[in-house]
Structure formats: structure tokens, C-alpha cells
Amino acid sequence: MAESRSPDRGAKEDKPRPRNISREESLQLEGYKHACHALLHAPSQAKLFDRVPIRRVLLMMMRFDGRLGFPGGFVDTRDISLEEGLKRELEEELGPALATVEVTEDDYRSSQVREHPQKCVTHFYIKELKLEEIERIEAEAVNAKDHGLEVMGLIRVPLYTLRDRVGGLPAFLCNNFIGNSKSQLLYALRSLKLLREDQIQEVLKASHRLQY
């Protein structure tokens, strides 16, 4: 049966899509690179314009190539564990505040494998922090090794939709995302129960209308 079209696929839906794979199975693959990325998030009581709840801070970043993605990078699993490699990448991209943040196997959420344009497994982690920790990461990110080079800056994901029904998350999803980071973001919204499925579908439809 042919798959139905979905608004979040965009123009690239005809390209081979990554498939889900278990962490254990992925580590048995030969000839594949491994990349680990993490969503750092924290609850927030703030309100935009004193009326629109922020609810939760989710961090993404603007990359050197002009695309949005999550912090992290490639890990050589021959030398270190996925989590050790991710920790190193986070410190390089986000700075000294990450020295006290431990990302463990308990924070692991999913893995996907793709064959094109290169054989690669992407591993996704979700780590909850305190708002004060997120704010410290944001403040100290300018001192990171990769700031201004591989990382152009940190970005908070707007979880709300404004009265015009396109401002906020629908407009945010119109950005250019690297690899499967957009699907990882949508996965996180579902996994953390930040939006109901009907709300996610409405956001995707609004975002699709903005693009087309």
C-alpha cells in the first residue's frame, strides 16, 4: 500500500527515509558512522506578553550551514561509548557549562539508520535540566570552542501558536532542518507530551500552508 502524504515531509519525501533501529543492533553494524545529538529542555513558568505560556524551554542551534539542528556530532565507537562521545561534542559546541551535565544511557531515546548520502546511524537523547542550568548554558555558549564556527548560536523552540494560527511553532517548522532533526523534534513533542497528536497535526498543516 502506498503511503499517504504528510505535511512534514516537504519536498524530500521521495528520497530514502531513515529506518528505526535498536541501540544494540546499531552498534553491531559495520561500516557505519555514528552521530549522537541531544535535546536539552527545562520547564518554564514564563509568559510571552504576560499571557502566552512558554511552558518549556527546548534548545536547538543554528549550524554553520544555515540549518537548524540539535547539539552533538559524530562519535567513534571504537574508542569511546556513545554517551562519552556525545558529552565531548556537547562541551565543544555548548561550552563549559556542560562540564557538570551528565548525559547517560537513561537519556537515550531512539536510533535511526540511513544508507544515503552516507552510511550513518543517528542516536537521539533527551535530557531534562533545571531552567537555571539551561540559562547558564545559553550564557556561556559564547565561550564554547565551536561558537561562531560550527555553531552560530542557540535557539529556543516556540511551543505555542499565536492568534494568527501560524506564528510560533508552525512558522518555526518552516525552517531548514539538518538530516532527521525535524522528525526528532516532533518525536520529542510526542514523547514529552508537550502537545496532543491533534495539536501536532494542526501545527504541521499550518506550517505546510506557509511553505506552499
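Heads up, residue numbers simply count up from 1 along the chain you see.
Positions of Cβ are set from backbone N, Cα and C atoms, glycine also.
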Matching range for Swiss-Prot feature annotation, motif 'Nudix box', among 74-95, 96-117, 162-183: 74-95
One of Glu135, Glu138, Glu140, Glu150 listed by Swiss-Prot as binding Mn(2+) 3 at the site of Glu89, Glu93: Glu150
Tertiary neighbours of Arg63 (substrate binding site) (same chain, Cβ under 8 Å, six or more apart): Gly69, Glu150, Val151, Met152, Ile178
Nearest of the binding-site residues (Gly72, Glu89, Glu93) to Asn180 (substrate binding site), judged by Cα-Cα distance: Gly72
Around the Cβ of Glu150 (Mn(2+) 3 binding site), the count of other Cβ atoms that are within 10 Å: 17
Extra residues within 8 Å (Cβ to Cβ centroid of His37, Arg63, Phe70, Asn180, Gln184), substrate: Met60, Gly69, Gly72, Thr122, Phe124, Phe177, Ile178, Gly179, Ser181, Leu185
Non-site residues, in chain order, whose CB comes within 8 A of the mean position of the CB atoms of Glu89, Glu93, Glu150 at Mn(2+) 3: Pro71, Gly72, Gly73, Leu90, Glu92, Leu94, Ala144, Lys145, Asp146, Val151
Top Cα neighbour of His37 (substrate binding site) in the set of binding-site residues Gly72, Glu89, Glu93: Gly72
